[in-house]
Amino acid sequence: MNDPKIIVALDYPNADSAMALVAQLDPQLCRLKVGKQLFTAAGPGLVESLANKGFAVFLDLKFHDIPTTVALACKAAANLGVWMMNVHALGGSSMLRAAREALGESAQRPLLIAVTLLTSMSETDMVEIGLTGSPQDAVLRLASLTHAAGLDGVVCSAQEAALLKQTLGQSFCLVTPGIRPAMAALGDQQRVMTPVAALAAGSDYLVIGRPITHAADPLKALQNIHTEISNEENP
Ligand SMILES: O=c1ccn([C@@H]2O[C@H](COP(=O)(O)O)[C@@H](O)[C@H]2O)c(=O)[nH]1
């Protein structure tokens, strides 16, 4: 498997528990995501060591600050050897452009994507923070801003994937959390899809955390999702 589509969210409280899972994984099988919990607990050294083991690492810190601060944070993240990193599209065009410019034009630069509307949010949550319209409207608006600023793609729900591919083109990368195999607990996710449906809708990469990391046998859970996807691709 040369281009693994599954990004396992390493949402663990410390390096030891994350590494216990990583020891069972192979860079050909999945990519890895390091988010706020693990990064805050274990630091940049862990990110570098995952990259040194050959894993494509998505550093999910969702930078959202003034343009200068975000640009400098992106440069620091790029120095860790990550494959992908993100900012929050709600930071606006100036911040998005500053982040993109900070990474330069080298072919080795990390991919830079922007979070649109968190997959844990529904239309009711949007009203609370003064966002009008449907989740699809908000995601399309923020993804269009991100596209115009020259970033590589967005984090969105798979429920918006078809619309975004149709509007912004096939090469605009869609990374979708809120992935739930049939019968899996939703937890705090609201805009969800199964792995097979998400790929069919146009997701490029599936971010999957608890359905794998909270499973009794995480490796088996990951393999089962792979099997489900392969059966769909090669019936
Ligand atoms: O809109 C977003 C942006 C990021 N996430 C992150 O993805 C994983 C999902 O984990 P699950 O356990 O599969 O729900 C998690 O690390 C989030 O921080 C997201 O869910 N939605």
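From the backbone N, Cα and C atoms, a Cβ is placed for every residue, glycine too.
Feature annotation from TrEMBL assigns domain 'Orotidine 5'-phosphate decarboxylase' to 5-225.
Taking Cβ-Cβ distances under 8 Å and a sequence gap of 6 or more within the same chain, the neighbours of THR119 (substrate binding site) are CYS156, SER157, THR176, PRO177, GLY178, GLN189, GLN190, ARG191, VAL192. Residues annotated as substrate binding site in TrEMBL: ASP11, LYS33, 60-69, THR119, ARG180, GLN189, 209-210.
Long-range Cβ proximity for ASP60 (active site, for OMPdecase activity), meaning a same-chain Cβ under 8 A and a gap of 6 or more residues, is found for ALA9, LYS33, VAL34, GLY35, LYS36, MET85, ASN86. Among the features that TrEMBL reports, active site, for OMPdecase activity is placed at ASP60 (among others).
If you look up TrEMBL, you'll see LYS62 marked as active site, proton donor. LYS62 (active site, proton donor) is surrounded by 18 other CB atoms, counting those within 10 A of its CB over all protein chains shown.
Taken from TrEMBL, the feature active site, for OMPdecase activity applies to LYS62 (among others).
The annotation active site, for OMPdecase activity is assigned in TrEMBL to ASP65 (among others). The Cβ of ASP65 (active site, for OMPdecase activity) lies under 8 Å from the Cβ of ALA73, GLY91, MET95, each on the same chain and at least six residues away in sequence.
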So which of ASP11, LEU61, HIS64, ASP65, PRO67, GLY209, listed as recorded positions, have a Cβ under 6 Å from an atom of ligand 1? ASP11, GLY209
In chain order, residues whose C-beta lies under 8 angstroms from the C-beta of ASP11 (substrate binding site), counting only those at least six residues away in the same chain, are GLY35, GLN37, LEU38, GLY209, ARG210, THR213
What does DSSP say about ASP65 (active site, for OMPdecase activity): helix, strand or coil? coil
Return the average pLDDT for the domain 'Orotidine 5'-phosphate decarboxylase' (5-225) as a whole number. 98
